[in-house]
Amino acid sequence: ALFLLAVLQLACAASATALPVVINTWAFRKAAETAWRVLQLGGSELDAVERGCGQCEIDQCDGSVGYGGSPDESGETTLDAMIMDGNTMEVGAVADLRHVKNAIGVARKVIEYTKHTLLVGESASLFAVRMGFPYEDLTTQKSLLMYSNWLNQSCQPNYWKNVVPDSSKSCGPYKQPEKVTPKEEQPTSQRRAQNVQSHDTIGMVVVGGSGTVASGTSTNGAIHKIPGRVGDSPIAGAGSYADSTAGGAAATGDGDIMMRFLPSYQAVEYMRMGTDPAVACQKVISRIQKYTPKFFGAVICANTTGSYGAACNKIPGFTQFHFMVSSPLLSQPTEHVVDCI
């Protein structure tokens, strides 16, 4: 009995030293450092997620998060974000947010000051202004140049199909033809994989010292998207998911495909059944592969004991996935790399 007690005490000690944990997609080091610092100063898991993802919005991480990146088909930058409390299962999210830079901050206000989960478009922007956020232009010289170059390349690539004029050769406005003749389109994921340096969402999972979980995302979405498009990032269970009885997960990649499978929710459910976080991430990727083997995407996972992992889908130009981890077992926020499957 004494031996078993000692083993249990050691196991508890090992678990305790592994917490808290911050894990986020891509090598966004400043985001990881900011979230970790918030925890060290006594902030909550939600605070850490909000500040960590917000750091990426300020830094315009890889041009795929925050203002001044990924202009849509009309040249405008719009933002998607969500934040989830794994204790209460509350979610705050915004999509197609315009003229407000701190998207995840607005998402947090949705939790705190409304009974809703998701606000969209210009109405979300008006809500943000009522909450005290400044109304600003999200366009920059860089995003204008990206948009101009795209127009000069006959609007290639884009997200239209089976329309006239031929979307693979010219700009719109497009319309539905009298008779639809489906043609083989280059998959969205292949277009994205041609330039994987334009990464994607920041997704973050924070597990606190007592095992409570929060998660969140922020992105400016797919470059040259059709106006009004919303990806996986602000959708609970798709972009991220947190449950303090199991763990948290976040996804990054081709949101139009990944959101159909609720990968973050599925990964958390695998962990709830006792699956190791790395294996849970792999199982999620494998599930999507059965339907769209060439998709661009990755998932990060962490359970309530502080174990974590990640997985990605191997395609040309994307064979490894980089992510950040902060924990007491590491001297500083550290970049990890996993081979895609």
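Just so you know, glycine gets a Cβ as well, placed from its N, Cα and C.
Unlike curated entries, TrEMBL annotations are predicted automatically.
Per TrEMBL, the features are:
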- 1-18: signal peptide (SIGNAL)
- 166-198: region 'Disordered' (REGION)
- 176-186: compositional bias 'Basic and acidic residues' (COMPBIAS)
- 187-198: compositional bias 'Polar residues' (COMPBIAS)
- Thr201: active site, nucleophile (ACT_SITE)
- Arg229, Val230, Gly231, Asp232, Thr252, Gly253, Asp254, Gly255: substrate binding site (BINDING)
Quick one: among the binding-site residues Asp232, Asp254, which has the most Cβ atoms sitting within 10 Å of its own Cβ?
Asp232
Fewest other Cβ atoms within 10 Å: which of the recorded positions Thr201, Val230, Gly231, Thr252, Gly253 wins that one? Let me know.
Val230
Of Arg229, Gly255, which of the binding-site residues has the most Cβ neighbours inside 10 Å?
Gly255
So the record assigns Arg229, Val230, Gly231, Asp232, Thr252, Gly253, Asp254, Gly255 to substrate. If I measure every Cα pair among those residues, what is the longest distance in angstrom, as a whole number?
16
For Thr201 (active site, nucleophile), find which of the binding-site residues Arg229, Val230, Gly253 come within 10 Å, Cα to Cα.
Gly253
